Amino acid sequence: MELVEVLEGKAKILTPKAESIYDAPVFYNPRMALNRDIAVVLLNVLKPRIVLDALSATGIRGIRFALETPAEEIWMNDISEDAYNLMKKNVLLNFKGELEESNGRAVLKSEKTLVVNHDDANRLMAEKHRYFHFIDLDPFGSPMEFLDTALRSVKRKGILGITATDGAPLCGAHPKACMRKYLAVPLRGELCHEVGTRILVGVVARYAAKYDLGIEVILAYYKDHYFRAFIKLKDGARKGDESLENLGYIYFDESTGKFEVERSFLPSKPNAYGPVWLGPLKSQEIVEEMLEISQQLSLARKKQAVKLLKILKDELDVPLFYDTHGLGRRLKIEARKIEEIINELRSLGYRASRTHFSPTGVKTDAPYEVFVNVLSSAK
C-alpha cells in the first residue's frame with residue numbers, strides 16, 4: 001500500500017495513494033474536511049472529555065480532536081486491519097511516545113490519552129456502556145446500524161454527532177429504502193434537504209425515547225450531499241415524552257407549493273410525509289459561540305466554516321421554507337430578489353430569512369397566501 005502525506009487542520013496523516021478515494025484500501029475523503037471542521041468547533045465550545053470516532057479509517061477525525069480540541073481521551077476505531085495499522089502510524093506521526101498494544105487495542109498516553117481500536121463499532125460501543133461524553137458516527141451511507149448501540153454507549157447527558165450520506169433515500173429518490181432504514185416517508189423535491197434532516201433527527205428522538213432519553217438539537221444541517229446533526233441527550237422518561245411531542249408530519253401540495261405541518265404521533269390525514277422532527281434545529285446560543293470560536297481556530301476550511309456558521313446563526317428556526325423558483329414556476333410568477341422578499345415580509349411584521357437548505361429558499365412565519373402575495377408584488 002503506497003502512502004502519501006496529507007495535511008488537514010493541525011494534523012498530518014498518511015493516506016493510501018489511489019486514482020479514486022473509493023478505490024483506496026483505507027478511506028479518506030478530503031471533501032469532508034468541512035464536516036470535521038464543524039465538529040472541531042463544537043468540541044471547543046462544549047468541551048467533552050472522553051470522545052469516540054467510531055468509524056475512523058485513517059484516524060483523521062480523532063487525531064484532529066486530539067490536536068485541536070480540549071478532549072482528554074480520544075478513541076479511534078475501525079473494523080479494517082489496514083485502517084487499524086494506518087491509524088497507529090498516523091498517531092505516531094502527530095504525537096511523541098510509544099503505543100502500548102494488546103488484543104487489537106493500542107494506547108498512547110502523554111498529555112492526552114489516545115486509543116486506537118480494531119473492532120466492529122457496535123461491539124466496541126456495547127463494551128463501553130455509558131462511557132463516552134461524545135460519539136461521532138460518520139459512516140459511508142446510513143448511520144442507522146450504529147444508532148442503537150451509540151445511544152447506550154454515550155453518557156445519558158452526552159452528545160451524539162451523526163452524519164448520513166445516503167441522500168437518495170432521505171431525499172425521496174428511494175422512498176422504500178428510507179422507510180426501511182429511517183422508518184419514515186420522505187418528500188422528494190425542493191424541500192427534501194430539510195425534510196431529510198428532520199427525518200434523521202426524528203429517528204434519533206424515537207430511538208432515544210426507548211431508553212428514557214430526550215434530545216436537544218444543538219445543530220442540524222445539510223451540506224455537500226450529507227446530512228449532519230449534533231444532538232445532546234436529556235435524561236429521564238419525561239424528557240423522552242417531551243421530545244416525542246416534537247414529532248409530526250408534513251403535508252405538501254405539489255401543484256401549489258403550499259405545505260402544512262402537524263405535531264402528532266400519528267398523521268390525521270392521508271399523504272403525510274414523516275414522521276419528522278418539528279422542533280428546533282439549533283441552539284442559537286451555541287451556534288453564536290461556535291461562530292465566534294471558529295474565527296480563532298486553525299481550521300482546514302476556515303472560510304467555508306465561518307460562512308456556513310454565519311448562515312446558520314442568521315437562519316430563522318421554523319419548519320420548512322418557500323422556494324421562490326419553485327413557487328414562481330408553479331404559479332407562473334417571475335422570480336424576485338430574495339432580499340427584496342425578505343425585507344417586505346419583515347415590513348409586514350413577519351419574521352423571514354434566507355436558508356442554508358436552498359439558495360432560492362425563504363424561511364418565514366408568514367402564511368402561504370401572504371408569501372405568494374409578496375412574491376408576486378415585490379418590486
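Yeah, the Cβs are placed from backbone N, Cα and C, and that goes for glycine too.
Note that the coordinates shown come from a computational prediction; the quantities given were computed from them, not determined experimentally.
According to Swiss-Prot:
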type    : residues                            : note
BINDING : Arg36, Arg61, Asp78, Asp120, Ala121 : S-adenosyl-L-methionine binding site
DOMAIN  : 4-375                               : domain 'Trm1 methyltransferase'
Under DSSP, is Asp120 (S-adenosyl-L-methionine binding site) part of a helix or a strand, or is it coil?
coil
How does the model score the domain 'Trm1 methyltransferase' (4-375) in terms of mean pLDDT?
97
Which of Arg36, Asp78, Asp120, Ala121, all binding-site residues, has a Cβ with the fewest other Cβ atoms inside 10 Å:
Asp120
Let me make sure I understand the span of the S-adenosyl-L-methionine site: among Arg36, Arg61, Asp78, Asp120, Ala121, what is the greatest distance between any two Cα atoms, in Å?
22
So if I measure Cβ to Cβ from Arg61 (S-adenosyl-L-methionine binding site) and keep only same-chain residues at least 6 apart in sequence, which ones fall under 8 Å?
Arg36, Ala39, Asp53, Met76, Asp136, Asp138
